[in-house]
Amino acid sequence: MYEGAGRWGSVCLERLRGQRRPGGFNVLMWLVILILLSVLSALLQLTGVLDDCFCDVESIDVFNNFKIYPRIKKLTERDYFRYYRVNLKRPCPFWPDDGHCSIKDCHVEPCPESKIPVGIKSGNYNKYTKAANTMSDMTECEQAKELGAINSTLSNQSKEAFADWARHDDAQDHFCELDDETSPDAEYVDLLLNPERFTGYKGPSAWRVWNSIYEENCFKPRSVYRPLNPLAPSRGESGKSISFYKWLEGLCLEKRVFYRLISGLHSSINIHLCAKYLLDEGWGQTVWGPNVKEFRRRFDMAETKGEGTRRLKNLYFLYLIELRALYKVAPYFERSIVNLYTGNSQEDGATKDLLLQVFNEIKTFPMHFDEKSMFAGHKIEAKTLKEEFRLHFKNISRIMDCVGCSKCRLWGKLQTQGLGTALKILFSEKEIKNLPEHSPSKGFQLTRQEIVALMNAFSRLSTSIYQLHNFRLLLKENR
């Protein structure tokens, strides 16, 4: 149980010794916290060393919950990071549209210009509408538009600012051009007005999306079935599990990593839905909060026949991958030429300072994932495998256009793009090392959309790990 605490202590004791933490924390207090987290982690049997890397659950918990989460949360509330340009109208390229209205709480209805308050239109640039969602008497189909709806309320001032942002970005040296940026159906969405939470999107439609991701894009033969897969033929669950994990362990590191990244993303999304679950919608007011029963259904050792712990460890693994990408890309943002431009120089400077604070904290983490072990074989084979890796992930990003719930689609697209950007960074180490200090780079460039997706996707993982701690406490209370 205390293996993680000991591991962190042996690696970090000298680094922590004598240092004072916020609130007067010293090394002894940090070790006490680690031990308490180890005890709570035992409730889910989520403890100890992760596979394929030199790190443990308890170390990540302390590092994330006390050092990263407060800062990344504050960062993603800044103007530069709260607006994400996305095309939610692209048709599914793989199967007919399910139809949004038939799915409870999942619909997008952009706010018409006439609904934007006059005070917002003539207000200061930094003032954005914060209209709250309210419930009223409506038909089932109309109600389905509410909870899963995208609140796309933006002022005219904001839209003019976005055009200015685009002109600024067009003057930069792009690494690549994203389809969504130029599509007439792409629009800015305020992520703070559209939090990731329960929408009621589930059943065959959701299963088909995830089944397509796992069964067709994770290098898996059709004869091997994932445990607890609702769309798999009915066979002995135990036999399927053994067969699946025997297959997974036989894969090369790169393909095994690919599966664990997708599983970790899936787990993170499920935690968000459990943490912000619709608990009550009576009397015209919605109440959101943690749903312990739903969390147990998805992650409890007994209820998932051991799958829950594997899923959660994959979340931690994904966290390490994106953490490593941020560590690698820090020099890109530390250059004076990089400006997180919104048109407000004071806001932009404060946002960059906060971003650099996050990078400085990330540099203190002592157990980063070593990506050099990936694609390290024969050059031709490694290049072929890397391209296959890239194409599989690109296909998964296309599958996100098949998600029937528009709010789920929004966050699915953002988080897959964020992960895709992280992988792009890890595969561009040489280009990042050769970045010029005072001029644009020809070898490596990130678009505004990639930057926003990268930081918000990592923020989602950070939030998931933070919420896991809350669920551990709730599970302990309910024992």
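Note: Cβ is positioned from N, Cα and C throughout, glycine not excepted.
The recorded disulfide partner of Cys405, taken from TrEMBL and restricted to Cys402, Cys408, is Cys408. Take the CB of Cys405 (active site, nucleophile) and look out to 10 A: across all protein chains shown you find 28 other CB atoms. For Trp210 (FAD binding site), the Cβ neighbour count at a 10 Å cut-off comes to 18, with all displayed protein chains included. Per Cα geometry, Thr199 is the residue among the binding-site residues Thr199, Ser263, His266 nearest to Cys408 (active site). Cα-Cα distance from Ser263 (FAD binding site) to Cys405 (active site, nucleophile): 20 Å (rounded to the nearest whole number). Each of the recorded positions Ser263, His266, Cys408 was scored by the other Cβ atoms within 10 Å of its Cβ; the lowest score goes to His266.
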